[in-house]
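Let me begin by presenting the structure, written as structure tokens, before commenting on it.
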Amino acid sequence: MDYHVLMGAGQIAGLVGFILMFFQFVFSSRVRWLEKDIGLDTMYRYHKQLGIIAFVLIFLHPLFLNTHRMMVIGEMEEPSLFIGLGFIALAILIITSMTAIFYKRLRLRYETWFTIHKANYLVFPLVFFHSIKEGTTIFSTTHVRYLWYVLFALYLLLVIYKIVQVVRARRHPYQIIEIIKETPDIHTVVLQGKKKHHLAGQFMFLQICTNQKVSEAHPFTISSSPTEENLKVSVKALGDFTSQLPNVPIGTKAYIDGPYGVFTLQHMPSTCYVLIAGGIGITPFISMLRKLHAESSNKKILLLWCNKTEQDIAFCKELEELELSMEHLRVIHILSQQPDWHGETGYLTSDKLRTYCAEYTHAHFLICGPPGMLQMVRKELQLMDIPSTHIHYEKFEL
């Protein structure tokens, strides 16, 4: 075996890993000019995918180089300050990557996982200084060295951008003025503050300030119409933060970052839409319907909404009123755990989809719900020969 192949592979792994790590930070930075075209959910998916690849490459970098050194001269690299920086960066990367991949299995609280994940901000500068002092390719190649300086400068700009985002949010706090119980486990939080110019279907990051402590930022779809004065988010109790939110005192200070997202009717113009929701996935659609109603829109709309029981249907009375006042709106409820329901029962199946969507095959289809339902609906719509450009969804995962 040519031992120099290992050395070359180790160098390439380090170079590519560093570059991918930079773009990983770009995709998690919520940069507006990039997000407005591809959506923050897509950016976060790229962030996750690039993070896994970068982790593997950076892990292989010292493994290949030290294996090469052991084979050639029989000993590993002598320890030094800058080699130590590289191993510290690798240790941090192992911890943050493993907790990111397995945080559900580890049953980590969101706040705990997010705090650990922030350590990644140390990795890039550690790897930068390690590579500048120890990287033979950096030393010998002027273009690569200049590229390293440019990437590090851009990284610093991203960090400054993130800090500015936080400072800007702190300068314009919101106040919780009302909490409305929609169902036993869904509450709408009404926020008063500086008017946000959002599009129906977009989301924001919400932080709550209680006992002089600011929570981590949590993403929620804005359920209010852009025409309303106050912001509303409708939240289902699914974790620690969302379970405690209904009990937050009125008058509590809140901070908002947003809006974000391209899951809006403006990004998919049409005269006909099919909205398919599962549970709390109704929130972008109730915002859209409120906006269309305020505009007296004549767009043709079918809403298929899946829940367990009748008591799980949030905004029930409002939807009835919207259906009566909007001539081209049709609402179909599908309940999976209420056999005595007068309407559709069971789960959303391919037969139900084909039955209700038969006259909407030219429409744009918007899906928001659990991953399993989203996957099934997308697959079935493709079998119905719905063009992929007419199938829209937002799969948001931090």
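Cβ coordinates are placed from backbone N, Cα and C, and glycine is handled just like the others.
As written in TrEMBL, here are the features:
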type	residues	note
DOMAIN	169-266	domain 'FAD-binding FR-type'
TRANSMEM	6-29	transmembrane segment
TRANSMEM	50-68	transmembrane segment
TRANSMEM	80-103	transmembrane segment
TRANSMEM	115-132	transmembrane segment
TRANSMEM	144-164	transmembrane segment
Averaged pLDDT, computed only over the residues in the domain 'FAD-binding FR-type' (169-266): 91
Residue distribution over DSSP helix, strand and coil in the domain 'FAD-binding FR-type' (169-266): 13 helix, 46 strand, 39 coil
